[in-house]
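**Q** Can you read through this structure? Questions will come right after.
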Amino acid sequence: MKVLVPVKRVLDYNVKPRVKADGTGIELANVKMSMNPFDEIAVEEAVRLKEGGAVNEIVVVSIGDAKAQETLRTALAMGADRAIHVVTVEKVEPLGVAKVLAKIAEAELPQLIILGKQAIDDDNNQTGQMLAGLLSWGQGTFASKVELAADAVVVTREVDGGLQTERFGLPAIITADLRLNEPRYASLPNIMKAKSKPLVQKALDDFGIDLKPRLTTISVSEPATRPAGLKLASVDELVTRLHAMGVAK
Amino acid sequence: MKTLVWVEHDGRTVRESTLAAVTAAGKLGEVHLLVAGQNIGSVATTAAMIAGVEKVIAADDEAYAHASAENIAPLVVKLMAEHDAFLAPATTSGKAIAPRVAALLDVMQISDILSIESKDTFTRPIYAGNAIATVRTSDAKLVVTVRGTAFEKAESQGGAGTIEAIIGTGDQGLSTFIGQERAQSARPELTSAKVIVAGGRALGSVEKFAELLEPLADRLGAGIGASRAAVDAGFAPNDYQVGQTGKIVAPEVYVAVGISGAIQHLAGMKDSKTIIAINKDEDAPIFQVADFGLVGDLFEFVPELTSKL
């Protein structure tokens, strides 16, 4: 069985985002970039399925400029088999990404596509569901557990107020939530080995899809900041405050 | 503009997050609601009483019993032939359904809106709420998810919408519901609680988490939340998580106990009206957003606080 895992390069999650002075976006020059953490979880899940014997090939794909190859190499070092780099310097919206991935899915015929549930830059949480819609596949969103059978996958989903378990016929989409697994660190030998794994480049234009953005970002601004608070000297002071707010019973 | 709001419900009551989406829809135009589910007669009646609602479209079908995105999306797509905007609360179910609808309509969704600037322009948080983007869409139809804490909740009484029963689009055969584990709790739900007591990793164990926070929450009539670190450590179940990828809350009072305040956590609670932080590290980032801070040992302070309330 073949698994496809799309990955995205984003601002590293430990870096505090800074709004550009001209209000056009977030400062991404000379800051640490990494694989989107949810995508790491998606790659890890695919690798575990392969280690369990149910999967024999993992293909990773990324859409972006030359630097996207670093992210693909990271995925290869974690255990993916080969990579597809769809080259573009333009920003592609989730709807466009889903359309490109649908084309790749039609060519590669994976039985499972595992994505991160959201990218931590734009926080859209859309691509997996959109791809599932375009392909008319089931969507096991926000997965915290995945069990693969011959013709179906059983997914435990993190939903408001608890967990929901659903079965999806294959092929299917899974989007990874935080607690699906803990991604491994690639070992040095595997990082070296990843350098010789196959990575093909495709031009975004070759997909023949209209990717003109539908959304225009008019401005990006800092959120309202809260005024500095007060340090209280004792629990008694806090009790007084809580009574004043009328919340203490 | 005619809007269609997906109603999240549990078969008996309309979930509060829907009421914020109704308010957002009302700013765009005429409000129609979609109630899809099994045996939904009473929910449809309740939904029709929400202030500002003109019509409730009720689709009673077993295929909609568990808010299956695969089954609900084609129904919404069909109804969107006669509507200009689809809105869903930005809950896990809304987030699962709306993008599937958007793709089928060839529309770029606008996720988690905070405000409506005009009929095509919205603000939304990016980078865990560290920045706010103002975006304008060129799509002919709108697909939007609505952050529940960003809009007033519509009054649940006072409306007199008509109810139109329709035949559903059936089971798409893509997914089968197996089961669910619902957290059983008499406490208020996090997204609608007036007061939240939330714990972090500093509580040290699942026993201490419960032993310290539950009596305090009882005294305050509060819901209980947790940081990701506390959930990952197994101190609290996953649906307690407040943050960028957990629940977004904005109660009257948020009491953060032993939570350092990672940006991902702050993203989920910094719109709370009053934030109280108890932490032994006086440099913890939580104090930068806290209105009132207590620096010291939570194992002393929390029981003392509980006993004095």
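Glycine too: its Cβ is placed from the backbone N, Cα and C atoms.
OK, TrEMBL features for this one:
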type: DOMAIN; residues: B:3-181; note: domain 'Electron transfer flavoprotein alpha/beta-subunit N-terminal'
type: BINDING; residues: B:ARG201, B:227-228, B:241-245, B:258-265, B:ASN279; note: FAD binding site
**Q** List the residues of the same chain that sit at least 6 positions away from B:ARG201 (FAD binding site) in sequence and have their Cβ under 8 Å from its Cβ, in sequence order, or write 'none'.
**A** B:SER227, B:ALA229, B:ALA230, B:ALA233, B:PHE235, B:GLY258
**Q** Hey, which of our binding-site residues B:ARG201, B:GLN244, B:ILE259, B:ALA262, B:HIS265 end up with a Cβ under 8 Å from chain A?
**A** B:GLN244
**Q** Which residue, of the binding-site residues B:GLN241, B:ILE259, has its CB surrounded by the fewest other CB atoms within 10 A?
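**A** So among B:GLN241, B:ILE259, the binding-site residues given, the one with the fewest Cβ atoms within 10 Å is B:GLN241.
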**Q** In sequence order, what residues of the same chain, 6+ apart, have a Cβ less than 8 Å from the Cβ of B:ALA262 (FAD binding site)?
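**A** For B:ALA262 (FAD binding site), the qualifying residues are B:SER227, B:ARG228, B:ALA229, B:GLY243, B:PRO285.
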**Q** Other than its own, how many Cβ atoms are within 10 Å of the Cβ belonging to B:HIS265 (FAD binding site)?
**A** 29
**Q** According to DSSP, which kind of secondary structure is B:GLN244 (FAD binding site) found in, if we only use helix, strand and coil?
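**A** The residue in question, B:GLN244 (FAD binding site), is coil (DSSP, three-state).
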